[in-house]
Amino acid sequence: MAPKILRVAEIPNLVLGEGPHWDIETQNLYLVDIFGKSIHKFNASTGQHSKAIFDKPVSFIIPVKGQRNRFVISLEREICVITWDGISERPSKIEKLSEVDQDTQNRINDGKCDPRGRLWAGTMGPEPEPGHFQPEAGSLFSLDGGKVTTFATKVGISNGLAWNTKLGKFYYNDSLVKRVDEFDYDINSGVISNRKTIFTFSKHDIDGLPDGMTIDADGNLWVAVFNGSSVIKIDPRKPETLLETIKVPAKQTTSVAWGGIDLNILYVTSASMTVDGVELLPPNHGATFQITGLGTKGLPADNFVSE
């Protein structure tokens, strides 16, 4: 069965769609529009879409485990917990947990939780106009029990984030170096170490940048290719192994997440940023897609465990 890709018509076109997260408990897809300064909720069974708007760029939204209508989000450099009913255009409460990269103009770019509910996120340098930003200004960090620990600096654009607990591995993308890296990962301490490269875009003549990423139940990685109109499937256990390329009808493909009742739908976000005067028009640019018929399924996304 060949993969089938469909645009999710109920989700509007976004400027910088990112951070898809499927909440297995509620069967909702959450995502953000970073430049649109908004969070989005999509109920796949009813087709209902709603959003809330903020005053700063928001790069991820993850439910807080065991707490109804509570979510951890980023607001520029701040990590916050919000109370949102999933309907209103503004959250009813915003609580700041921490701020990273203080005294800079950086912003958080991507974030996920590991299997213990720790938040992992990374930053990038200031971007005065789309596509033009300060290189090597970002960092990669975790938030565990209220404590922020930095694990990498001089990051171009922090992206990706996936875990294989059976192998004790953490996977990560710095988009600007155009590769996928692997770390050893200690689930108990939340420490990563021994960074090495497992996939290099230039060795496969892949145009574009590695962006958001997820892992399937077979241990393979699915990587969105920004400016490459595609999602690639790679085997991280066999360095430089490209298994599959799926074309997506949006040039700025940004991120991926498994969803659906059986976690066999790959949701794909995209952007419609005008870079150097080149406009990317709807209906596909900035759209959210779902891909079926991939012959595999994902793992439940981990929610945030508060202190």
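Numbering starts at 1 and runs along the chain as it is shown here.
Cβ atoms are placed via backbone N, Cα and C, with glycine included.
The active site, proton donor/acceptor annotation in TrEMBL covers D211. As annotated by TrEMBL, divalent metal cation binding site applies to E18, N159, D211. The substrate binding site annotation in TrEMBL covers R107, N109, E127. The domain 'SMP-30/Gluconolactonase/LRE-like region' feature in TrEMBL is assigned to 16-272.
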(request) Give the number of CB atoms, excluding that of the residue listed as 'active site, proton donor/acceptor' itself, located within 10 Å of its CB. (result) 28
(message) Quick check for the class: what is the C-alpha distance, in angstrom and rounded, between R107 (substrate binding site) and N159 (divalent metal cation binding site)?
(response) 13
(request) Report the mean pLDDT of the predicted model across the domain 'SMP-30/Gluconolactonase/LRE-like region' (16-272), rounded to a whole number. (result) 96
(request) Tell me the Cβ contacts of N159 (divalent metal cation binding site) under 8 Å, same chain only and six or more apart in sequence, or just say none. (result) N109, D110, G122, Y172, N173, D174, S175, P210, D211, G212, M213
(message) I'd like to know which of the binding-site residues E18, E127 has the most other Cβ atoms within 10 Å of its Cβ.
(response) E18
(message) Taking 8 Å from the centroid of the Cβ atoms of E18, N159, D211 as the cut-off, which other residues in that chain fall inside it around the divalent metal cation site?
(response) G19, N109, D110, I157, G160, N173, S175, G212, A224, F226, T254, S255
(request) Among the binding-site residues R107, N109, point out the residue whose Cβ has the most other Cβ atoms within 10 Å, with all shown protein chains included in the count. (result) N109
(message) Residues other than R107, N109, E127 within 8 Å, Cβ to Cβ centroid, of the substrate site?
(response) I34, P57, S59, N106, I108, T123, M124, G125, P126, F133, G138, I157
(request) Taking the residues R107, N109, E127, which the record names as binding substrate, find the longest CA to CA distance and state it in Å to the nearest whole number. (result) 11
(request) Taking only the Cα atoms, work out how far E127 (substrate binding site) lies from E18 (divalent metal cation binding site), in Å, as a whole number. (result) 16
